[in-house]
C-alpha cells in the first residue's frame, strides 16, 4: 500500500467522553421509577436522567422560559465552554449578552436529548439492570420521545408555558414536535433549517453513516464498551460523509477550491493532498473525541422516523389545527439537506391551520450549517420575531 | 352594478396621512378594528404596520425574498409566497379581510385570485392603478406608446404588470363573478379620494387608482 493513512486516533481520551455520559459537568434531573419515560416503541424507560444547562433567571410570573433544542451532534452546552473539547458553546452567535437570546431577558434551558451521550440517558449510559453499558439493548427512541423527556424536565423546573422553543435541524424537528404535541405550552416557535419529516435522501445519508459505524470491526455489534474500545474509524467516516451534506458545493469551493495541503505537487498517493480532504479528516477525527458511536446510530434513527403528518393521518395541517403558537420558520437558500421546499410545505400547512407564521428564506452559500454560523440577517429576523412575540406576551426587558 | 350605487367613503385627507401612504390609510379605514387580515403582496409591510397600530391581527404574503425578510425583521407575520399559486393553501373564511393592494395587475389570473380572496376572506379590499385615467389615455392617444407614470415607471417590456384594467373593467369583472361591491373609492394623482358622487365614467377618467371593498354576492 502506498501512502495510505487511516483517520488519526482521537487526542482526547475515551475517559473524558465516557465520564460525561453518566456524570455530566452540568445540571442533571433524575427521574425515578415513579416517573418513567413512556417511549413510542412501547417501553417505559426507567430510571433515566436528563442533563441540562440553564442561563438567566426565571421571572416571577414564569413567562420568560426559552427551550433550545440541539441538533444531531449538539448538546446542552449551548453558550458555555464545552467540557470535553474546550471549545465555545455551539450557539454563542445566537445566545448570550446582547444576542437575540439574551440571558438577562430570558430563562434559557437547553438539555441533552434522550439517547444522547453528554449526560442524558442513552446507549452509552450504564444500564442499571445489568451494571453494564446499554449498547444496543437501549430502546430505539424518537423525536417525540425526546420532546416528552424535555416536557418532564420543564415540569421539574416549574415551567408550564415556554415563551419560545428554538432549534435548527434536528432541533427544529423537536420545535415542531413541541407545537404538535403541546401547543398550549409553546407561546412561540422558531424552527430553523428543518422539516416535518425526514426525506428519503436524508434517510439514505443516515443509513450510509450507520453502515460506516457498523462496518468498523471495533464496533462489535454495539458492545464495544465492554471491550474498552470505540469504533472511531467508522464513526469518523460517518461524520465526514454527513459533514459534506451540511455544506454546499459553493461553500466548499470558496473555502478550499482544489488547493493542496502543505505541498505544491500531488504525492501520487492516497494521502490528503487536497485541503478539502485534510479538512474532512479533521472533522471526522475531532468528532469521535466527543461523540459515542451508538448514540449516533440512535439519534440518526430518531430523525429518520420523524414524520408529523404520518402521526396525523397523513395530513400535516391536522397536526396544527387551531394552534395559537406564533411561528417563525427560517430556511437557507443553499441548504440541500433541509431545502426551502420543506419549510414551504410546513408554512402551507400552518397557513391552512390559520396559524400566525413568519417565513424567511435567507440567501447564503454556506449550506445547512448556516444556522450555526454568523449570518446577520438570520439574527435580525430571530431578534425581531422574539421581540415581537415578547411584546405580545407582555415581556419587558432592558432592551425595550 | 355601477359606482353610483356605492357610497364613497367619508375619507381622509392627504394632510392627515402623516408617514403613511394615502391609499394605505384609506384601506385601513375600511377594516374594522380587531379583525383578522391577510395582506397579499404586502411589500415592505407598511400597511401591516399601520393596521397593527389599529389593533388588527395582520398577516402578509410577499413575492420578493427581500421584502419578506424586511417584514419579518420588523416582527410581522409574513411569508414568502405568490398570489397566483399560494392562496389555494388557505382555508375558507380564514380571515375577516383579504387585502390586495396594487397587486391585481401583476397576477397571472386576476379572476381566480379575486375569487380566492373572497373565499379566504369574508371581505376583500382591492386597489389597482386605473388604466382608464385620462393621462394614460392621452399617452396612448397622442403619444402613441404604452403609458408610463410616476407610479408605474416600467417599460412595457420589463414591467411585472401584465393585466392592467380600468375601473370600468374591474366593475364588470365583479359583476361577472357575482361579487358585491360594498364601497368604492377613486383616488386622484395625489392619492386623494375624489370626494363627489360622480358618474362612474368620471371616476374612470379622473381616478388614478381605484380602491374597492368587496364581499361575497348572492349565491356565493
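Backbone N, Cα and C atoms are what each Cβ position is placed from, and that goes for glycine too.
Unlike curated records, TrEMBL annotations are generated automatically.
The shown structure was predicted, so the numbers you read here are calculated from the model rather than taken from an experiment.
Per TrEMBL, region 'Disordered' is recorded for A:1-27.
Residues or ranges marked as compositional bias 'Basic and acidic residues' by TrEMBL: A:14-25.
Annotation source TrEMBL lists domain 'AB hydrolase-1' at A:64-373.
Among the features that TrEMBL reports, active site, nucleophile is placed at A:169. For residue A:169 (active site, nucleophile), the same-chain residues 6+ apart in sequence whose C-beta sits under 8 angstroms from its C-beta are A:71, A:72, A:192, A:193, A:194, A:337, A:338, A:368, A:371.
In the structure as shown, the Cβ atom of residue A:239 (substrate binding site) sits within 10 Å of 24 other Cβ atoms. Following the DSSP three-state reduction, the secondary structure of residue A:239 (substrate binding site) is helix. The feature substrate binding site is assigned by TrEMBL to A:239, A:369.
The active site feature in TrEMBL is assigned to A:335 (among others). Within 10 Å of the C-beta atom of residue A:335 (active site) sit 28 other C-beta atoms, taking all shown protein chains into account.
For residue A:368 (active site), the count of additional Cβ atoms within 10 Å of its Cβ stands at 24 [all protein chains shown]. Per TrEMBL, active site is recorded for A:368 (among others).
Residues near residue A:369 (substrate binding site) in space but far in sequence (CB under 8 A, at least 6 apart, same chain), listed by position: A:246, A:247. DSSP classifies residue A:369 (substrate binding site) as helix under the three-state reduction.
The two recorded residues, residue A:335 (active site) and residue A:239 (substrate binding site), have Cα atoms 18 Å apart. Averaged across the domain 'AB hydrolase-1' (A:64-373), the predicted model reaches a pLDDT of 96.
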